[in-house]
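Database features, via Swiss-Prot:
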- Lys97, Arg104: CoA binding site (BINDING)
- Asp169: active site, nucleophile (ACT_SITE)
Amino acid sequence: MDHLPMPKFGPLAGLRVVFSGIEIAGPFAGQMFAEWGAEVIWIENVAWADTIRVQPNYPQLSRRNLHALSLNIFKDEGREAFLKLMETTDIFIEASKGPAFARRGITDEVLWQHNPKLVIAHLSGFGQYGTEEYTNLPAYNTIAQAFSGYLIQNGDVDQPMPAFPYTADYFSGLTATTAALAALHKARETGKGESIDIAMYEVMLRMGQYFMMDYFNGGEMCPRMSKGKDPYYAGCGLYKCADGYIVMELVGITQIEECFKDIGLAHLLSTPEIPEGTQLIHRIECPYGPLVEEKLDAWLAAHTIAEVKERFAELNIACAKVLTVPELESNPQYVARESITQWQTMDGRTCKGPNIMPKFKNNPGQIWRGMPSHGMDTAAILKNIGYSENDIQELVSKGLAKVED
């Protein structure tokens, strides 16, 4: 198979990935593949472009490195072109409501007739099967968080709160990426493809698993705490200093002993409530948990972030300043690792945003292209799978494809 014009780089060079999906979750999986060197084809509706395009800046990050194909994949010759594309595809990712592709006649079995080795990743809010009440419902970040038990665990003691920005979408996209790569490994070993059913709510169920295990195995549910504190452990979570916020984790025998001396609680050490060798102070089970929080709050409020960081470094207590977004690009760690980078958009503008992650030493990722325009690569992709200029124009004339103006 000849590939589309693009530089060869990254650990996934030579891999062809196709995705159909809008907004964030499914496309984030495609973004990861594209930044790691795969040839990634982004399918958009012919009449209406991906709704993400209305955002002024984010699409330049989320759709960089992609090849844009505008094709009606469910109708007549457009469907035929899509199935022909599948013959040369390694991984196909679709994000929709439940078994939307199967309902429109594109089942796993149809795809495997054209490519027995194809890895298919279905990403939806509630999965490909289940009850009629849920399976076909639309889902976004907050829906998946609410249905999974994740949202109810977060927020303030008086009110739950979803995690932003769009946590469930990103976790689900990463799950699609890793699952598809696992399936590809097996498909190349056996010659038999795989179909993956990724339900966003199940992804978030796993993300919220830590505290849930106490309920499932004893009936006790961890309460939400106020002001960003850890629900279980004192000295862990968000705290306010004289000039801003830090997060800290008071974990370890020596760390607790030295911290207690600083905040005036040394007399509690080696007591029945806080015996020698204590590594964590349980906020609920330890009767002194509230007192530890009170004293720690007072001590931190009397010191600047710089003073706290210096002292905690001496005590080997993990902590970090809560950075504002404007502080990121000047932070020395960000600068040293080039965590924020720049690239050129298709119209020649400079765009700034997060760099590729993670960092591969021997086969690094690369930003080689900005976000393509709607239908920009339709002709090149169709020619790549054997279509002539006349074939392409016929698809366009029937409203089944869109090429760049």
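Cβ atoms here come from the backbone N, Cα and C positions, even for glycine.
Close to Asp169 (active site, nucleophile) in the fold, though at least 6 residues off in sequence, lie Glu23, Ile24, Ala25, Phe28, Tyr140, Asn141, Met200, each with a CB less than 8 Å from its CB.
Around the Cβ of Lys97 (CoA binding site), 14 further Cβ atoms fall within 10 Å across all displayed protein chains.
Cβ neighbours of Arg104 (CoA binding site) (same chain, under 8 Å, six or more residues apart in sequence): Phe74. In this structure, the residue listed as 'active site, nucleophile' is part of a helix by DSSP.
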